[in-house]
2 protein chains.
Amino acid sequence: MMTFEIKSRDAMGRIGILNINGKKIETPTIMPVVHPNPKKQVVDIDLINKLADVIITNSYIIYKTKHLREIAIDKGVHKLVGFDKVIVTDSGSFQLGVYGDVDVEPLEIVEFQEMIGVDVGTILDIPTPPDVDKEIAEKDLEETLRRAKLSIELKKDRGFKLLLNGTIQGSTYLDLRRKSAKEMAKLNFDIYPIGAVVPLMEEYRYRDVVEIIINSKMYLPTNKPVHLFGCGHPMFFALAVALGCDLFDSAAYAIYAKDDRYLTERGTLHLDEIKDLKSFPCSCPVCSSYTPKELASLNKKDREKLLAEHNLYVTFEEINRIKEAIREGSLWELVEERCRSHPKLLEAYRVLKNYIDYIEKFDPVTKKSAFFYSGVESMFRPEVLRHKKRLKRIKYEKVYITTISSSVEKPYHENLNVIETDIDILIKHPVFGFVPYYIDTMYPLSQNEIPELYEFEKEINKKFYDEFIVWLKRKIGEDNILDIMTYNYYTSYFQSTKKGFNSDNLRIRKMLQYQYGYDIIDDDLINKIKVVRSKNTGRLRQVLDENNNILFTVRSNDNLLIPSERGAKLLWEKILYPRYRVVVNKEAEEFIREGRNVFAKFVVNCDEELRPYEEVLVVNEDDELLGYGTTILNGIELKEFNYGLAVKVRGGIKKVLK
Amino acid sequence: MMTFEIKSRDAMGRIGILNINGKKIETPTIMPVVHPNPKKQVVDIDLINKLADVIITNSYIIYKTKHLREIAIDKGVHKLVGFDKVIVTDSGSFQLGVYGDVDVEPLEIVEFQEMIGVDVGTILDIPTPPDVDKEIAEKDLEETLRRAKLSIELKKDRGFKLLLNGTIQGSTYLDLRRKSAKEMAKLNFDIYPIGAVVPLMEEYRYRDVVEIIINSKMYLPTNKPVHLFGCGHPMFFALAVALGCDLFDSAAYAIYAKDDRYLTERGTLHLDEIKDLKSFPCSCPVCSSYTPKELASLNKKDREKLLAEHNLYVTFEEINRIKEAIREGSLWELVEERCRSHPKLLEAYRVLKNYIDYIEKFDPVTKKSAFFYSGVESMFRPEVLRHKKRLKRIKYEKVYITTISSSVEKPYHENLNVIETDIDILIKHPVFGFVPYYIDTMYPLSQNEIPELYEFEKEINKKFYDEFIVWLKRKIGEDNILDIMTYNYYTSYFQSTKKGFNSDNLRIRKMLQYQYGYDIIDDDLINKIKVVRSKNTGRLRQVLDENNNILFTVRSNDNLLIPSERGAKLLWEKILYPRYRVVVNKEAEEFIREGRNVFAKFVVNCDEELRPYEEVLVVNEDDELLGYGTTILNGIELKEFNYGLAVKVRGGIKKVLK
Ligand SMILES: [Mg+2]
Ligand SMILES: [Mg+2]
Ligand SMILES: [Zn+2]
Ligand SMILES: [Zn+2]
């Protein structure tokens, strides 16, 4: 039995709880490769036990080695290895890749893995190397798919307890990777490893790895963990997690140690290069007990063991750093730092631009931490793309296009001395394209840090400006657009078109348009609502109806509008089904009305365009409003997950007795 | 007594040995701030002793606190604090900054520091805050300079043993910082702290700090350590070291711990933010013994101590990382990674572009590790600037300008199937401007990694191309320049202009022009030299004269031409005095002729344009050739240093008896 649920997220990365046969693993994580023969294991299993909740070992080696096989059959793989938590095994497909042949039948090894009590076994897939002839890759893939099907049938027929890894293959052919993912998805494996990337990693072909990951992820079920098989170098983890990889394994910690190589989150150092340093560039228990000179002078065996320990510490350290970044909403920032440690990593990161429409669907609409610009690459991040798209949600009638000095602090409207108007003012922005004056407090328009830009960087959005203006002209007519130079200078232009104009109310109206894509506060309501400002900051904090009931709270960190029950009802009236809705079945109805959270298994439909962390309405199949809350899952995941939290409910709505 | 010498270097950063009263410190390093009252010290002095070779404490607090004062006068400051290694003290100028006044006379506190046995004391300078009226900054600076002069006189008159810190002030006025540096330089202090940057650091005004550092460094003697006073955050160390800062102090490790703040090399986390993580993103002894939850649940005092210990570990860890980067020649790479951790740091890094002519003088001409492109910022690095300048060293007669596909591997000439010609071929390069075909193996033209570039990045050098072509036209006439499209296509154009053309010999000739700026192999010699290729790689390895004597070895990692004795004599004949020369006094002559290294104290003159790690000639004042070797110091430092290694000599040249 396996369950998987998402606890926190950023980019396509997620902190998940993976429950395997009652044993919990927090993902993303790394499984150290442990040799099934304790005598051949370089790092003590005690340290592995301390650091890891899951390990991987090789069932084929156990199968082929008489004394290991006997112990494993007799006492189980956990006793053999000395590890009580989750044990994953490979199937011999690694040996198949290296030697071209293995001495076991595909179903036999699956059966063997079950027999020795493995938690997660692996089918005997064919690991096709990069750049082979396409026919070979296709033939291999057919065989892998055939074995996959047989293995799943075997497991079902015999009622196997073990979970199964269904590995994605297809060499460097992205269409084959997509096909592999699509077909394997149908077979309902428990975990999806992405296979045969080791040769690419070894040649620094990170760009190929990134394209393989994305093309696989796009067709894999979102509710299953993805394991980037054979990737054990911490420098690649942040990028892989940001693309939705949940699991890694590391033989690297031991293999590198054998060659006196010292892992860091930025790359690899050879002990020879650092042996003259006074101290190690690390504070792990190994590095704070030995000087490089001392370590280098130890005998081969001791040195290898200590280096492997260090390698393991920094490997887990990077996993922890990534988890922290996910919780803070700064995973892209971490990725953009890590990608500077090797130009091939930077090249791989730059490729994401081509897939950003897909990636954006998984990126939360709001984050705890600000958007940090780390270089021109940041221009193409999902937060920027989403804003540019959502700019079109605002209902424009008359627009001024303007620029302001880059020295004006955010939010702009608090630092510009202008006569306010009910005309939409679009302030040109070198990164975000345009910042509409009336939504300038909303994430990420105020929650960002951007350095002074180079001149050529300021030109990058020129095409976007032009295209947007063309769209706007078509929408509201050329006569309703005035392109003016700088804001302060032309204040005389800013005259309201309507009487009784209230800039606070207009601000709320525009913010809601931007957040939901609908005109929640229409021409009628705009004169009835009232705003409440914070006594401390003077900033907008609440929106009230004409009877002074709260409709929305303006959340201080991101200025999203958080509905009250009345606000939710208003949203429900104004937003057409199924937009901004999560639909649950009858069974859940009463729970939601009582204010309990929506779990994924109750979701029957939803707005497919929902992103994580959006404010949504929970309705039944008749579109009756049951509650309102915040999505944990996006529109794709809401349909695919059947376990774990889907919407964190803020409030339930009691049934009105007729 | 203090000596300071450079052991290894990169950017303007240096690994130095600072010897203070017989106690050695390897720089760059950090001095933890230790409270003079052991009861107020959060971290045990044992851990400080383990990690640090130098600490800083406050002489004014000792002076003002009766029982501390008595112990210090009686037993000395080392016993008071419990630290035998180097102790630096501040003078009360921090208190002056905070309270506007101190209760001690400027000379009294200098005298007191001597009395209690401080190793390095500090004058009572005036720490002017940022952005004050210029008149105030000027007045404060005058007073600091007056006190500096009096303090130095006092030390001299009374024969004080303590070394003195001469702090640079001037607020945020760069002209005042320059003036301060110039005047303080005249007074011959032992160490130069750059003062009053703490308020700037606290406001993330890293750009101002960078400009202050550079404007001070430009006028400070290169042979004295520079201490960035009050900068204790590891995220800024790499950049500060790259600008020539040697010493840091950290009160931050303790101050941040008091507020539950957790330092990392990438920024600061609050314990609240990370207390829900399963494990810390660090492997130091603290973080591998406690979970965040455990640490957060400790009482305030224990928590503060452990956080301070962690903060200290990561602070030293970053120093070690920086030293490793200096040794590898990858300090710019580390800086370019660190600058992505906050946009204000990136902005600060981008400012270096304005000072790159100065910075380039200190950047070694060759590095162990390759040039890594980390983003568009890398276009403006000193290695690129130097190449663009040195392109003009080649003696052009007839030139083809061409482009090649970005998929051609380096070195280009091994991967292009072309008829070679004795015409100079300049291959357009998006980063380096042009790669001359015949020097395409030389650092950094083959030793670089560049990702696939964005289209706009490829346009950045357009202005450089145009300016260079204008220069070239003036030099050799428009008729001698042929701008052709792509190399392979136009091979028919490549016809040699001279008979008996030997492309290997031409390659050596051009490489020497590029390396030395002189035509070492002239029209006569070109037909006499021979090249030897490596049996393994087939690459050029040696240059022989007509009698098969070695003139130069082509060094495999960077393809610089390393002269033999004959080669050195040839260089000496062809290169005009004082170019590529280090001139030593009579006293050193015999030693150099015997092949011993050149120490800085013997240097009387040199080519001011020399860079670190260049191959140079060592001559006496009559320009007689004494030896040849590699510079450790650049042309400015060769004149300023009077201690330590100046030129690592490869060979001495015996006197010819007449
Ligand atoms: Mg952030
Ligand atoms: Mg490098
Ligand atoms: Zn370590
Ligand atoms: Zn730590």
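Glycine residues also receive a Cβ, built from the backbone N, Cα and C atoms like all the rest.
What TrEMBL records for B:ASP90 is active site, nucleophile. In sequence order, B:ILE56, B:THR57, B:ASN58, B:SER59, B:TYR60, B:THR122 make up the list of same-chain residues 6 or more apart from B:ASP90 (active site, nucleophile) whose Cβ falls under 8 Å from its Cβ.
If you look up TrEMBL, you'll see B:ASP125, B:ALA196 marked as substrate binding site. For B:ALA196 (substrate binding site), applying a Cβ distance below 8 Å and a minimum sequence separation of six or more within one chain yields B:GLY97, B:PRO127, B:THR128, B:PRO129, B:PRO130, B:GLN169, B:SER171, B:PHE229, B:GLY230. DSSP assigns B:ALA196 (substrate binding site) to coil in the three-state reduction, placing it in neither a helix nor a strand.
Feature annotation from TrEMBL assigns Zn(2+) binding site to B:CYS282, B:CYS284, B:CYS287. Mapped onto three states, the DSSP output places B:CYS287 (Zn(2+) binding site) in coil.
What TrEMBL records for B:580-654 is domain 'PUA'. Across the domain 'PUA' (B:580-654), mean pLDDT in this model comes to 98.
Within the domain 'PUA' (B:580-654), the DSSP-based counts of helix, strand and coil residues read 17 helix, 30 strand, 28 coil. The Cβ neighbour count for B:CYS287 (Zn(2+) binding site), using a 10 Å radius over every protein chain in view, is 25. For chain A, the nearby recorded positions by a Cβ gap under 8 A, listed in sequence order, are B:CYS282, B:CYS284, drawn from B:ASP90, B:ASP125, B:ALA196, B:CYS282, B:CYS284. For B:ASP125 (substrate binding site) paired with B:CYS282 (Zn(2+) binding site), the C-alpha to C-alpha distance reads 39 Å. Not one of the recorded positions B:ASP90, B:ASP125, B:ALA196 has a CB under 6 Å from ligand 4. The Cβ of B:CYS284 (Zn(2+) binding site) lies under 8 Å from the Cβ of B:GLU309, B:HIS310, B:TYR313, B:VAL314, B:GLU317, each of these being in the same chain and 6 or more residues away along the sequence. For B:CYS282 (Zn(2+) binding site), the same-chain residues that are 6 or more apart in sequence and have a Cβ closer than 8 Å to its Cβ are B:THR264, B:HIS310, B:TYR313, B:VAL314.
The DSSP secondary structure for B:ASP125 (substrate binding site) is coil.
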